[in-house]
Structure formats: structure tokens, C-alpha cells
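Here Swiss-Prot flags 2-241 as domain 'ABC transporter'. Taken from Swiss-Prot, the feature ATP binding site applies to 38, 39, 40, 41, 42, 43, 44, 45, supported by sequence analysis.
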């Protein structure tokens, strides 16, 4: 368990105090993949770097388990950083070392015996799919391969927590998907707590269990990804979701002017995504429907579907009640 208790961070620049992170309270459970999303300058990098004290907090407390990280001395901090691995946007590999040498580096610093280092490096390179590249140098690798080296290096000391600081933002979409798949696999197989920061809701949707949304250094929304993604409350969150779904809400509402009737957005979650609920309720209530937009996708391992439909004729109130009774979330866009 990672607990932020009124944790905050400020800087003094030219005699002025700049607040990077306002006091916040947050809990991250053991074994979770927890996402932190925000635009540039929102405070997300500051937040994640407070966990291993690459940034020093101005005030508040940070607990990992029962240990107060904010109270650790230098010896305790070194021990903490062996339990908290980190990967970075720009990989931060040592160009003069081979792939194997980069992965071995934290073990060498810890004074691990050579035979144990060699065995651990071989195990980790196999886990990230780079066993054939052990003797190559970073300059000979693709971006995705470099990030896999970074992941292997971060896992070398068998950490309990893995911090991912914009780990996929420098990668193309296909490589991003493969790295996210690897992180999800590591979470399942090793039970690691993963804290991931990003400015892309699509990354959150693919791998995270819960998410926190930051805006101008403030925590504005948090909850399970299914809830936050499908029913965003804060304007910042709604913008992230619209960008991820490539939906222009203003354009969509202009399209509404071309159709009559009551317009609703129906959200299906889990196995109900594949049930013929719309057709059944239309028959039962006598309503006609016009599908204006729709999609079926997944949030991590959970299928979901969304339909925007115009309802005409029949008993529309009964149809709405029928959708709710079937476990469908109904949002009235025009009554």
C-alpha cells in the first residue's frame, strides 16, 4: 500500500513560491496498476518522483506499507530505492555498456556476487524477450527494445513497486502496445504494484485498474478506470476521454439537429456488451431507434460498448427504464 497524506511540493523561484503539487490524499493498493494522467505541467512527474524521493516533498507524509518514506535517512533511502524500480521516457541507458551490462548495473552497485548477477541478467532478458541481444549496445536497438532493457534493469533488484514515468510517450503506437502488454504481464506474474504516468487516456484504458487525474497540480478525479473512463465527472477528464475516443462533442451535438426524437447515450459493460438489449427493448416498448454513433472496445480485460441513439415513437420512458433494469447506464443527451 502506498499512501499520500496531504503530500505537497512547492519551489521558490526568484523569491516567488511556485506550487507544483497541492496537498493531496491518495491510496494505491498492493498489486494494482495505477495510472496518473494529466497534461504537461499538471504535476504528475513530480508526484511519481516523490514516491522514491527523487523529489523532496515540501510537506505531508508518504507511506509505503507502514514505513514513512518522508522520514527516511540516507541509508533507509538507499534500501527503499532497491524496492522501487523506475523506467523513464528516454530510457536513460548507459551507452558504453551492453544490454546485459545495463541490466547488471544496479546489481553490481548492490555488491551482488558475479554468478548471481549473470543468472539474474539471463532470467530478465528472457522475460523481456531480449535474450538474443545481450551483447548489443543501446545504439544498436530500436526504441521499444531500449525500453525493454530499461524494464529489465528496473526489475533487477526484485522491487515491489515499479514506477513508469511516461514510459511509452517516445514510442510508436505498435511498440507502445507491446510494451504495455509486457507491463501487464509483469504485473500478473510478479504481483508488482505499478504506478504509471501518462498524458494519454488510451494508455490508462489498456492496462490500469484505477486512475487519478491531475490538473494544475490538483487531484481532480480518481476511481476505477471503468468508472472514470465511461462516466467522467471533471471537465479535464472528459477532454481526455474525448481525445481517446476521437469524439468531437460539439460536432456530435450539431449532428443531433438533423434527427428528431429523444437522444440517449447507452453504455454497456462486461458480458452485457454482447447482449441484444436494444432490439429487445425496442420490441417491448414499441420505440424506433436510429443509431447515431457506436463503439465496442475493452478497458483492460473488461469489454464495454457505447451507443448514441435517437428514440422516436412508442413508450420512451418505459424504454429508458428497461435499459436501466438491464444494467445499461443511460445518459440523456436530449429529452
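Backbone N, Cα and C atoms are what each Cβ position is placed from, and that goes for glycine too.
Feature map: annotations from Swiss-Prot on the structure.
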residue : record           : Cβ contacts under 8 Å, 6 or more apart
38      : ATP binding site : 44, 197, 199, 213, 214, 215, 236
39      : ATP binding site : 199, 215, 236
40      : ATP binding site : 199
41      : ATP binding site : 216
42      : ATP binding site : 214, 215, 216, 217
43      : ATP binding site : 9, 20, 21, 214, 216, 217, 218
45      : ATP binding site : 165, 166, 197
**Q.** Cβ neighbour count within 10 Å of residue 44 (ATP binding site)
**A.** 25
(Q) Using the CB centroid of 38, 39, 40, 41, 42, 43, 44, 45 as the ATP site centre, which other residues of the same chain sit with their CB within 8 A? (A) 199, 214
Q | Secondary structure at residue 45 (ATP binding site), reduced by DSSP to three states | A | helix
Q) What does DSSP say about residue 38 (ATP binding site): helix, strand or coil? A) coil
Q. Which value does the mean pLDDT take for the domain 'ABC transporter' (2-241) in this predicted structure?
A. 93
